[in-house]
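Worksheet: one structure, shown below.
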Amino acid sequence: MEPEMEDKTLELMCSVPRSLWLGCSSVAESLCALRCLQSIPSTRAHNQNTSGMESQNLVDDLSPKKNTVLKHTNGPVVGSRKRPSQGNYEKEKEHCITLFDQWSEADQVEFVERLISRMCHYQHGHINSYLKPMLQRDFITALPAQGLDHIAENILSFLDARSLCSAELVCKEWQRVISEGMLWKKLIERMVRTDPLWKGLSERHQWEKYLFKNRTAEVPPNSYYHSLYPKIIQDIETIEANWRCGRHNLQRIQCRSENSKGVYCLQYDDDKIISGLRDNSIKIWDKQSLECLKILTGHTGSVLCLQYDDRVIVTGSSDSTVRVWEVTTGEVLNTLIHHNEAVLHLRFANGLMVTCSKDRSIAVWDMASPTDISLRRVLVGHRAAVNVVDFDDKYIVSASGDRTIKVWSTSTCEFVRTLNGHKRGIACLQYRDRLVVSGSSDNTIRLWDIECGACLRVLEGHEELVRCIRFDNKRIVSGAYDGKIKVWDLQAALDPRAPASTLCLRTLVEHSGRVFRLQFDEFQIISSSHDDTILIWDFLNVSTNGQPEGRSPSRTYTYITR
């Protein structure tokens, strides 16, 4: 549309009483009527030739009147005064629509924008309410009609469970898309991939076999997964309640050491438990039957630390050596002789191993293969035995009997900083992300920010040296020489506003000797002690009478409150 013509049209609109174009049967008609005013050339000439009184009447007609009350209805805008009879209105309106239809889309949009800018607030509101339902689209219903079911399914697959339930109630078409798209199945699969608790439940309750499969005769209908989801939520709530209330079933492995008693270290998976004993042996246990499958011998001192993966077991001993064993055969693949005194702890991952010793040093090793392990660097700086190490790609963290935690660069092995705060020697720690959690012979547990070295919280409750500690995203679990295992709320511990009395959730008492080592996951704690036992604390298979479902443990569960 030419600028001159547009200006002429807008000028013409302003010279015509509003009652003409507001009296249309709908907003769309009024807009069209305004556009067609340019087709009335005589109007402007007529206005120029009118008398002073007629001009005043026109001004009065264009001006808002105090006694005019406009009401919003579901239909068109209606004024309190009737529109004056306009004999040519319908003809002019149709002509306006005809002209509007002849313009390009860009011209039409520009014209409407200028037209709307001249309207008052209540007119804007009415136009908004008129256009709003026109702009709404049921895309979930529309997409399948165009053969795009997969897009509708993909959009709805991002909903959480509550929203998915609501979406099913929208209409039959939405329910059909959700059902045929197996969206409840996809939601459960997403949770299993991202949450270890869900993954563990899928394996233990055996509904994992119905996941991650294409649509075949073996896959149940969507209704199965819809009904499965609330059962999973109920199981999760039950497990969380068991942790908080201390409900568990207990299984006991008697290690029956021949000489000196005590289980210094352990690690487990779904199939086995591997333990290092004070009697110089390494014992591998079947996790289901609790029978001893294999005994590895070769160390001439107590086995103080171990770690294993799919290929090898690496152990450290009071005989000052580190040994590498083949997991399946138990064959010794390598023996590392470097430290001058007992090897107290070790960690390995991604081709790197770190060991620490009573000789106050830390050794960093490159592991090209089980038989090709070379010393990269020796870290010195502690003034007493280095009791524990941990590391990731950024930092190596060590703790010592000299009451300090030291932080080193993993890549360069250079010293970074020292964390001070414990009043006595430090016996254990775990490091992950920015958080370090340590336990000491001052009977306390401390939480640290490794980046700034600040102590975030001190946990008190153990009566003797805190010997072992582990944490995940929810909990800290600690074991001490007082024979007790304590479960702490990690999130509350990180909140400075949380009262100290709310931090310890439960204290578990079953060991009759010092607790040397523990490991835990979402469902269980496995601990070892000076009393020559390994205990499995099961928080999943808890029946109402305290007995595990399908198992007969040596004893029922026992717990005390903090």
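Heads up, the Cβ atoms here are built off N, Cα and C, so glycines get one too.
Feature annotations, courtesy of TrEMBL:
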DOMAIN    149-187  domain 'F-box'
REPEAT    256-295  repeat 'WD'
REPEAT    296-335  repeat 'WD'
REPEAT    336-375  repeat 'WD'
REPEAT    379-418  repeat 'WD'
REPEAT    419-458  repeat 'WD'
REPEAT    459-491  repeat 'WD'
REPEAT    508-538  repeat 'WD'
Result, the repeat 'WD' (508-538) in contact with the repeat 'WD' (256-295) (3+ CB pairs under 8 Å): yes
Averaged pLDDT score, the repeat 'WD' (256-295): 93
For the repeat 'WD' (508-538), distant same-chain residues with Cβ under 8 A (at least six beyond the ends): 196-197, 200, 204, 239, 246, 248-257, 261-268, 273, 275, 285, 464, 467-468, 470, 472, 475, 477, 479-481, 483-487, 548, 555, 557-560
Tertiary contacts of the repeat 'WD' (336-375), as residues 6+ beyond its ends and Cβ separation under 8 Å: 301, 304-307, 311-312, 314, 316-324, 326, 382-391, 393, 396, 398, 400, 408, 410, 413
Residue distribution over DSSP helix, strand and coil in the repeat 'WD' (508-538): 0 helix, 20 strand, 11 coil
